[in-house]
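Please read the structure below before turning to the comments.
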Amino acid sequence: MAITGGMQSSDMVLLLWITVICACCSFVDSSRSHRQLITSPSTTGVCRYGIKAECCYGWKRNRKGQCEAVCEQGCKHGECVGPNKCKCFPGFTGKNCNQDLNECGLKPRPCEHRCMNTHGSYKCYCLNGYMLMPDGSCSNSRTCAMANCQYGCEQVKGDIRCLCPSGGLQLGPDGRTCIDIDECAVGKASCPINRRCVNTFGSYYCKCQIGYELKYVNGRYDCIDINECLLNTHKCSINADCLNTQGSFKCRCKHGFKGNGQECSAVFNKPVKESPKFGGSVKDAIKKLLAHKNSLNRYNDIKNVIPETFITPPPKNRLQPFDYEDGVYIGGNDNDEEEGEIEEEEEEELDEEDEENVIEEEKLLRGDVFARQVKRAAVLSSQPISNTDPVLKSDEVLVDCRFDQGTCEWKQDSKDDFDWKHAERHNGNGYYMSVPASTSQKKGIGRLKLQLTKIYYKYCLMFIYRLAGERVGKLRVYIDENINPIWEETKNRDEGWRTAKIEIQESSTRKSSSITFEAVRGKDEAGIMALDNVFLSSGPCSDD
């Protein structure tokens with residue numbers, strides 16, 4: 001009985017151990033089933049998390065609800081078959097299937113005689129004297145040996161024809177050698193709109209357009225614009241802003257500068273919207289010149305007209321000076337009109353005989369050349385026309401130059417450092433002379449010189465000028481070859497146009513023969529010096 005009882009105890013212990021081991025095994029199985037991969041063909045990439053089925057790590061659910069592998073770098077010439085795992089198409093290799101496979105370098109060689117690698121494939125051709133068979137092998141052919149083809153030949157219905165190993169090659173004029181076909185030029189290439197065709201021998205490939213680079217974006221390779229402005233690879237001026245565009249960039253000069261963007265030069269801080277107007281004596285002198293021009297125009301109109309003997313009554317109201325046959329009148333005075341009528345009746349017969357000669361001696365004035373003679377006294381009182389050259393009793397306008405037709409009688413000095421430039425106003429209304437900001441050297445000198453043909457004891461020189469810039473330089477006026485200027489101006493607070501009036505007094509021992517404008521360039525590269533409306537007359541300047 002004791003033995004029997006001991007045996008029963010050992011059996012119980014053994015049974016207990018078996019139960020514990022089974023429980024542990026079932027626990028391990030249950031823990032493994034918490035994340036179990038489902039290997040069904042229809043559920044590739046699906047893992048079970050407990051009772052829930054989701055895509056495994058490295059897989060994602062597509063629009064159809066199926067789990068598909070994710071390749072972060074993409075598969076250019078292949079397909080993604082697993083997490084970051086590509087299966088390349090024939091003819092390509094590499095982790096991302098973006099490299100051409102050189103089949104001709106494989107062992108064993110795919111061709112019996114000669115192999116030519118192409119993009120994504122290869123071509124076989126035979127040596128001279130052999131024929132390419134349908135299975136890719138080369139067969140000896142006496143006819144092909146006689147054909148002397150560059151890349152072998154084939155026999156079609158008893159006719160021998162030389163072959164080219166690629167569709168991008170064609171038989172040359174001799175019928176034996178192969179020449180390249182430029183698919184890009186003949187339009188056989190097929191490239192996306194944002195890529196350009198690059199021809200190769202026997203083929204071609206598509207490359208991103210200039211200004212684009214190939215990048216992997218949103219699961220595929222595409223040509224993306226290069227931001228030249230961000231990479232600082234543009235060619236814009238330091239005084240211009242770079243604006244990136246698709247495939248290119250644009251340069252736009254900053255505020256205060258002008259140019260094409262690659263070269264920008266400074267402009268005026270205060271653009272001139274209209275031509276400056278003279279005031280005072282300058283305005284009066286110009287009115288006198290215009291009155292004389294009107295007189296000459298009237299003389300020219302009646303030059304070939306036979307004068308009649310009847311008397312034309314003058315108008316009662318004259319608002320500005322006009323030239324008539326016996327002189328210049330200014331309206332507003334009835335007594336002067338009556339006196340003019342009496343003088344006209346008395347002197348009409350004498351003037352008719354000499355009128356033609358007087359008219360021929362008069363010349364039309366131009367605003368950009370020397371004025372011959374302007375009667376200042378004629379504007380103030382009426383005088384009859386004489387048979388001789390008119391003798392001015394007062395001032396003469398020697399120069400009235402606005403630089404609209406060039407530099408008039410002013411000449412560039414050949415011994416200075418730079419020339420004055422002929423510049424157009426911003427509003428397109430006229431021209432002026434300027435010293436450009438980009439001169440070849442600092443403190444350079446540029447001169448404009450005028451030779452005087454008539455000598456007077458006094459001159460009145462009037463002009464407008466502009467000096468813009470912190471250290472733009474100096475503008476001077478010289479008489480003859482004197483070393484000391486009679487007038488000098490530097491930059492002032494008002495950088496707009498200003499009027500200058502200089503009275504030149506001659507001595508009994510010296511007479512002026514030339515007047516010179518001299519510009520001395522300063523250190524400011526963005527400043528400018530300008531000159532316009534130069535007016536020179538004999539006599540003193542008025543105090544108006």
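Every residue gets a Cβ built from N, Cα and C, even glycine.
What Swiss-Prot lists as coiled coil is 333-367, and the listing cites sequence analysis. Swiss-Prot lists Cys67-Cys80, Cys71-Cys86, Cys88-Cys97, Cys104-Cys115, Cys111-Cys124, Cys126-Cys138, Cys184-Cys197, Cys191-Cys206, Cys229-Cys242, Cys236-Cys251, Cys253-Cys264 with the feature disulfide bond. According to Swiss-Prot, the domain 'EGF-like 2' annotation covers 100-139, on the basis of sequence analysis. The annotation domain 'EGF-like 3' is assigned in Swiss-Prot to 144-178. According to Swiss-Prot, the feature domain 'EGF-like 4' maps to 180-218, an assignment based on sequence analysis. According to Swiss-Prot, the feature domain 'EGF-like 5' maps to 225-265. The region 'Disordered' annotation in Swiss-Prot covers 332-357. What Swiss-Prot lists as signal peptide is 1-30.
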Those disulfide-bonded residues, out of Cys80, Cys111, Cys124, Cys206, Cys264, that come within 10 angstroms of Cys104 (disulfide bond) at the Cα: Cys111, Cys124
Candidate with sparsest Cβ neighbourhood (10 Å radius) among Cys138, Cys229, the listed disulfide-bonded residues: Cys229
Of Cys126, Cys138, Cys197, i.e. the disulfide-bonded residues, those within 10 Å of Cys111 (disulfide bond) when Cα atoms are compared: Cys126, Cys138
Those residues of the chain, 6+ apart, with a Cβ under 8 Å from that of Cys126 (disulfide bond): Glu112, His113, Arg114, Leu132, Cys138, Ser139, Cys144, Gly152
Rounded to the nearest Å - Cα separation of Cys251 (disulfide bond) and Cys242 (disulfide bond): 5
The coiled coil (333-367) [mean pLDDT, rounded to integer]: 45
Integer Å distance between the CA atoms belonging to Cys197 (disulfide bond) and Cys67 (disulfide bond): 38
Collapsed DSSP category at Cys126 (disulfide bond): coil
Rounded inter-Cα distance in Å - Cys206 (disulfide bond), Cys197 (disulfide bond): 5
Residue from Cys71, Cys80, Cys197, Cys242 whose C-alpha is spatially nearest that of Cys115 (disulfide bond), among the disulfide-bonded residues: Cys197
Disulfide-bonded residues clustered about Cys229 (disulfide bond) [Cα within 10 Å; pool: Cys71, Cys80, Cys97, Cys184, Cys197, Cys253]: none
Disulfide-bonded residues near Cys88 (disulfide bond), in sequence order, restricted to Cys80, Cys191, Cys236 and a 10 Å Cα cut-off: Cys80
Separation of alpha carbons, Cys86 (disulfide bond) and Cys80 (disulfide bond) (Å): 5
Spatial separation of Cys191 (disulfide bond) from Cys184 (disulfide bond) - C-alpha basis, Å: 9
Position of peak Cβ density within 10 Å, selected from the disulfide-bonded residues Cys80, Cys86, Cys191, Cys206, Cys251: Cys86
